[in-house]
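I have placed the structure first, in the form of structure tokens, so that the comments after it can refer back to it.
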Amino acid sequence: MFKKFSSNSAWTLKAFRIIWSSQSIAMIGIAIHNIALPIIAIHLLHASAIEVSLISTARYLPNLLFSISIGSFVDRSDRKFIAIYAELTRFILVLSIPILYTFYFINIPFLILIAFLIGIARIFFELSLSSLFPIVIPPDKRLSANANLQVISSVGEISGPGVAGFIINIIGATSSLLINAATFFLSAIFIAKLPIEAKDRKSNISNQKESFFDGFHELLSRPVLMGIILVGAISNFAFMAVQSVYFIITLKLFGFNTLIASSLLIFSGIGSLVGNISARWLHNFFSVKFLMLFSIILMIIGSIIMLFARGPIWITSTLISIGYFLWGLCLGLFNIYSATYRQKIVPPEVMGKLVGAARTLIYGVMPLGALSGGLIVDFFGSRYVFLFNCLINSISLVILYFSLRKVDKILL
């Protein structure tokens, strides 16, 4: 006999299965996209470290500029409609890169512009989906749903880099973006099937006129959540300082080829997958406060290991793999606990603008981190970016400790 799903399993919900399917098919494409753009810039356009970091900056700059206003717009709009058309927009934008490359109309400013527009579409999609999530997923199934979504995210991270490196070596970086474009199109088809009745859309659409700062007001009224969001922002800042120049470091400093460099990113996905799978199990033995603090400590340890990466390629690649594994493990644990806690204490009618404010902090600092990484590599050297990451994450650990000290227990 096959084992039935438990009563609190999200797999019993049709809406969750549709969301899961949409995210599953998009994750591989996103992983390919994240690798293909810097490879195009480095190998085809001979970009410098700062130019490569500017592409990452452009991808995340819309979070700083538009998250709050888009969040308020999403709260007053049909979220399902927005999610569908945001995916179709990303499909067109990504598809434009290989098409225009065929006619030799591609350069660094063009890649920066496309990355910026993709970033805007991503905000519309993710904010609309995060607002739909608590509507279609009941509270008792959200921990299961978040864990399963994080698992598929990790699977995408695990398989994506290896697949991307292989495809880029076989058919080229620009052609690999055709796969990415197709995943956005299929994701839109899945979202179109999401079962949300008209009465549910209407009752959950806010008709109030919110000010630009209402999202921050909602966030500041929840001090513990504010501290968690701030830690996420600081960690993302430190992460992007390294990630934006990852291929500059691995290809030029360590001497890896494209396949090796992209394959090492698999270990971040493996770590995230381990964190996602073990999150519910660990919650049975340890407090959420301890697990969140422990996750940041893991990220600091990973940074220290990569700081001392040197020597033969097999030693360097091993140390980079361990460092990225610990980073992924940190993100897998921290993201699940923070997302589930947010969904527990924030009502659906204000979720859009609160998440918009949170995104402004969490993702808004990422372009600054990306630019910092490029400047550090160009002016000080590649290894200093790992030291920078370690110091910044140490600050986030202190902030998280004092934020969580205000509560006796965090219940999920």
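Any Cβ shown, glycine's included, is placed from N, Cα and C.
Just so you know, TrEMBL annotations never went through curation; they're auto-generated.
Model, not experiment: these values are computed from the prediction.
Summarising the annotation, TrEMBL assigns domain 'Major facilitator superfamily (MFS) profile' to 15-408.
What TrEMBL records for 24-45 (among others) is transmembrane segment. Note on the transmembrane segment (24-45): residues 51-52, 55-56, 87, 94, 97, 106-108, 111, 115, 152-153, 155-157, 159-161, 163-165, 167-168, 173-174, 176-177, 179-184, 186-187, 190, 246-248, 251, 258, 262, 265 of its chain, located 6 or more positions outside it, place their CB under 8 angstroms from a CB of the stretch.
Annotation source TrEMBL lists transmembrane segment at 57-74 (among others).
As annotated by TrEMBL, transmembrane segment applies to 110-137 (among others). Only residues 6 or more beyond the boundaries of the transmembrane segment (110-137), in the same chain, are considered here, and those with a CB under 8 A from a CB of the stretch are 10, 13, 15-16, 19, 37, 40-41, 45, 54-56, 58-63, 66-67, 70-71, 74-75, 77, 79-80, 82-83, 85-87, 89-90, 93-94, 96-97, 100, 145, 191, 194-196, 200, 204, 343, 346, 348, 351-352, 355-356, 359.
Packing against the transmembrane segment (177-196) from elsewhere in the chain are residues 14-15, 18-19, 21-23, 25-30, 32-33, 36, 80, 83-85, 87-88, 90-92, 94-95, 97-98, 129, 132, 135-136, 167: each is 6 or more residues past its ends and has a CB under 8 Å from a CB in it. The annotation transmembrane segment is assigned in TrEMBL to 177-196 (among others).
Below 8 angstroms of C-beta separation, residues 35, 38-39, 42, 49, 52-53, 56-57, 60, 261, 265, 292, 296, 299, 303, 306, 327, 330, 334, 338, 341-342, 345-346, 358, 361-374, 376-377, 382, 385-386, 388-389, 392-393, 395-396, 399-400, 402-404, 406-407, 410 of the same chain, each at least six residues beyond the ends of the transmembrane segment (224-249), sit close to that stretch. Marked as transmembrane segment by TrEMBL: 224-249 (among others).
Under the heading transmembrane segment, TrEMBL lists 255-278 (among others).
The transmembrane segment annotation in TrEMBL covers 290-309 (among others).
Same-chain residues lying 6+ beyond the ends of the transmembrane segment (315-339) with a Cβ under 8 Å from its Cβ atoms: 143, 146-147, 150, 154, 157, 228-229, 232, 235, 239, 250, 254, 256, 260, 264-265, 267-276, 278-279, 282-283, 288, 291-292, 294-296, 298-299, 301-303, 305-306, 308-309, 410, 412. Residues or ranges marked as transmembrane segment by TrEMBL: 315-339 (among others).
For the transmembrane segment (360-380), same-chain residues at least 6 beyond its ends with a Cβ under 8 Å from one of its own Cβ atoms are 48-54, 56-61, 63-64, 67-68, 215, 229-230, 232-234, 236-245, 248-249, 388. According to TrEMBL, the feature transmembrane segment maps to 360-380 (among others).
What TrEMBL records for 386-404 (among others) is transmembrane segment.
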PLDDT averaged over the residues of the domain 'Major facilitator superfamily (MFS) profile' (15-408): 82
